[in-house]
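Asks: Can you keep this structure in mind? I'll have questions shortly.
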Amino acid sequence: MTEIFGIPIQAFLGQLMLGLVNGAFYAMLSLGLAVIFGLLDIVNFAHGALYMVGAFAAWIMLDKWGVNYWFALILAPLVVGALGVVIERTMLKRLYGLDPLYGLLLTFGLSLILEGIFRDQYGVSGQSYSVPEALTGATNLGFMVLPNYRAWVVLASIVVCLGTWFLIERTRLGAYLRAGTENAKLVQAFGVNVPMLVMLTYGAGAALAALAGVLAAPVYQVAPQMGSNLIIIVFAVVVIGGMGSIIGSVITGLGLGIIEGLTKVFYPEASNIVVFVIMAIVLMVRPAGLFGKEA
Amino acid sequence: MKLKNVFAAGALAAAGLFGAATPAVAQISGDVIRIGIITDMSSVYADIDGQGGVEAIRMAIADMGGTINGKKVEVISADHQNKADVAATKAREWFDTQGLDVLIGGTNSGANLAMAKVAAEKKKPFLVVGAASSALTNDQCTPYTLHWAYDTTALAKGTGAAVVKQGGKSWYFLTADYAFGAQLQTDTSKVVEANGGKVVGSVKVPLNASDFSSFLLQAQGSKAQILGLANAGGDTINSIKAANEFGITKTMKLAGLLVFINDIHSLGLKTTQGMYLTDSWYWNQNAETRAWSRKFFDKMKRMPSSLQAGDYSAATQYLAAVKATGSDDTEKVLAHLKKAKFNDIFMKDGWVRGDGRVIHDMYLMQVKEPGKSTEPWDYYEVKQVFKGEEAWTTKAETKCALWK
């Protein structure tokens, strides 16, 4: 049998595929972070917690009111997006123009509170959320058996990433947004409501995190610490991609998922630090990240 | 420069997030019998022990009447955050300033090995309930440590041997990459090989890995019959989930080497049915355990784990010893505990061996099919009982100097 670096090509392709699946996930989560940092200059440490709240929202809707997965996919991001708007209006708004550290501390504190509330209510073992009926089963790709649900996750996150990129880089709304963050006063003078734009951006970032949470619910256990386990990697993705760069976080997310997947084959023990090793190297060579612009 | 600052702050915040702590709950000392429990209250093991463990000790105190020979009994508790140094510091503080009479060790082997040293130095009884490492009564045994509920040797002998006897000859391990996982894999491999099975491979998985599918595909590639899960808590839960999702369970049988009823509850029977596991206790064993468990359920809104029942037992037997000797003097109480027979909801005719191991029956259980479960939390069928010393380290194997 043909081999690549000592492992059968089939197994190699399988791991590549899995890396892509995880990478799609990283991409979608880091996308929300990048949008918020790029446009609001806030290091949103609450992103992981909002992702967790999204997953819990889906689970609670199903458990309490029988709302199925497909509706949850729309409703949970709306609910969490609204929560994001409230957070922005009541707290973050006061921090604009200050050192980004304040925003980081605030959002970090928020994430601890959110995590604590859910831990207190639901314990740490987490809740089980079933894969929706239509996506059960698996497809034999020849080199591996890919659960249909994971394929759907890849597809969904690619669509979301492309959609967000398009919205920000190619539409009039995106142009206002980009201009508003460059020079709010000037844009406001043209009659654009900049505070409203900023508020909606944070809400949309929160909604993106929640959407990832709903997509993750059937794959992982819906547990209070699910966000904090992931957020560190996602931050690394954003830093490597270049903070604030949307395209950077998407490409880096996918790439790192694949690299991490391959590390799991060749040297599993290192699989959870490989991302940080890459980050260190990238920051030495390109301090602004792969796709970032040096300020 | 700005980016660097932001990132440095991010890294600091991340360190804080992992160590997120709830403040320790400590009360003021008085002329009382004081029981302390230091366990994981906020992180991965909080459901299997945590507040439920503290509540079980409170139940033990209440069942003893709240006072022993006219002296009030109190429980104090703290969160060790799964950090050995936090556990040791707290234990030292309690012994030095709170007049702590006995320390009960909750989950996490690292934290317990550290607390055992402090208790031995302070010459106070240390009753380990939640930690698994067999080292506590083996190479690191002390005259003050009693190991109450279970250990890695018993888990290996239980599930390992039973699964080989059922025909699971070839094993592949998914092992948590730290001391506990390595010990569990080593102990289980010995048992598997002694019973005529063989270990074809293993993969070391970092603790708290977010995705297990990659490791599981490697396991599947090994063509082994049995996938041994030498991990715990959230890692076990997520690996079982992914094994089902990727159809691994169609070609391999899972053997959970450390699985608690809370893990089964959270995964559901559909995902876990048929799995073998070893535990020291099950709430739905008999009328006595059921009655106690329902009382616990009224308080905690979930059924007790074996560790919580073990906490109850440890506190009950300690208080019985204080009552019998009329003293909370360490030497007197320990001497009494070491010749007593323990009979409570957790064990029948239990006793303490020379190495500090509390000897009681262990159980091999199989998770029921969803159709056979008659109520929530009715999950296990007891398949085999390991009587008395059958489950534990033997005198020939021990490295404990006290028991030579």
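Yeah, the Cβs are placed from backbone N, Cα and C, and that goes for glycine too.
TrEMBL annotations: computationally assigned, not manually curated.
Marked as transmembrane segment by TrEMBL: A:12-35, A:42-62, A:68-87, A:99-118, A:149-168, A:189-218, A:230-258, A:270-289.
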Asks: Which residues, given as numbers and ranges, are at least 6 beyond the ends of the transmembrane segment (A:189-218) yet have a Cβ under 8 Å from it?
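Replies: Residues 25, 28-29, 31-33, 35-36, 39-40, 42, 44, 47-48, 50-59, 69, 72-73, 76-85, 87-89, 92-93, 96, 129-132, 149, 153, 156-157, 160, 164, 176-177, 179-181, 226-227.
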Asks: With a cut-off of 8 Å between Cβ atoms, can you find at least three pairs linking the transmembrane segment (A:99-118) to the transmembrane segment (A:42-62)? Only pairs 6 or more residues apart in sequence count.
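Replies: Result for the transmembrane segment (A:99-118) with the transmembrane segment (A:42-62) is yes.
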Asks: Does the transmembrane segment (A:149-168) come near the transmembrane segment (A:270-289), with 3+ Cβ pairs under 8 Å (pairs 6 or more apart)?
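Replies: No; fewer than 3 Cβ pairs under 8 Å.
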Asks: Quick test of the contact rule: Cβ under 8 Å, at least six residues beyond the ends. What residues does that give for the transmembrane segment (A:12-35)?
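Replies: Contacts with the transmembrane segment (A:12-35): 4-5, 44, 47, 51, 141, 143-144, 146, 150, 153-154, 157-158, 160-161, 164, 168, 201, 204-206, 208-209, 211-212, 215-216, 230-231, 233-235, 237-238, 241, 243-246, 248-262, 264-265.
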